[in-house]
């Protein structure tokens, strides 16, 4: 049998087909290929000839929760020594080591326990982008502000920004003071009525 030294101990290949029962993360009729999620040259015949692709969600990655579907925990080998990961849509890069637009996180930082890419939650008040590391929303619109565009800007208000999805111009009160010969007279002027600026 030619199993490239990857057959299970005390086993032989199929007597009719010659197909091997493979181990060491190899596959193929003669254990000549690396299994999905592994790369290398299985024909070298060493126990570690096939090494795990260090992609988010791989079995040896502490960030396994980053990917849900096992079919995505694979890589495409470009040679016996290099590979490109099949990334979840929230990741980009050859090793899925960056977050895609609309997501944030630090998937390339092994010192961060939860480093998966998470969706930018900007309350639908911007173009969907946020700071790629912190997740803070950077381009709030519709007169909103805050790290998640969850508040109205000064001089704007909303009865319930989560439900109404809009901010309105507030009432503005201005003090008008006139002073002459050390005598001042002040009055209140109601300047702006509340009106709807957008739907």
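Every residue number used here counts from 1 along the chain in the order it is shown.
For all residues, glycine too, the Cβ spot is worked out from N, Cα and C.
Nobody curates TrEMBL annotations by hand; they come from automatic prediction.
Features of the protein shown, as given by TrEMBL:
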DISULFID  1-13  disulfide bond
DOMAIN    1-52  domain 'Laminin EGF-like'
DISULFID  3-20  disulfide bond
DISULFID  22-31  disulfide bond
TRANSMEM  171-198  transmembrane segment
Problem - Local Cβ density at residue 13 (disulfide bond) - other Cβ atoms counted within 10 Å - result: 17
Practice task
Please work out the number of neighbouring Cβ atoms within 10 Å of the Cβ of residue 31 (disulfide bond), leaving out its own Cβ.
Solution key: 30
Practice task
Please report the DSSP secondary structure of residue 22 (disulfide bond), reduced to three states.
Solution key: strand
Completion exercise
residue 22 (disulfide bond), Cβ-centred 10 Å count of other Cβ atoms over all protein chains shown, is 23
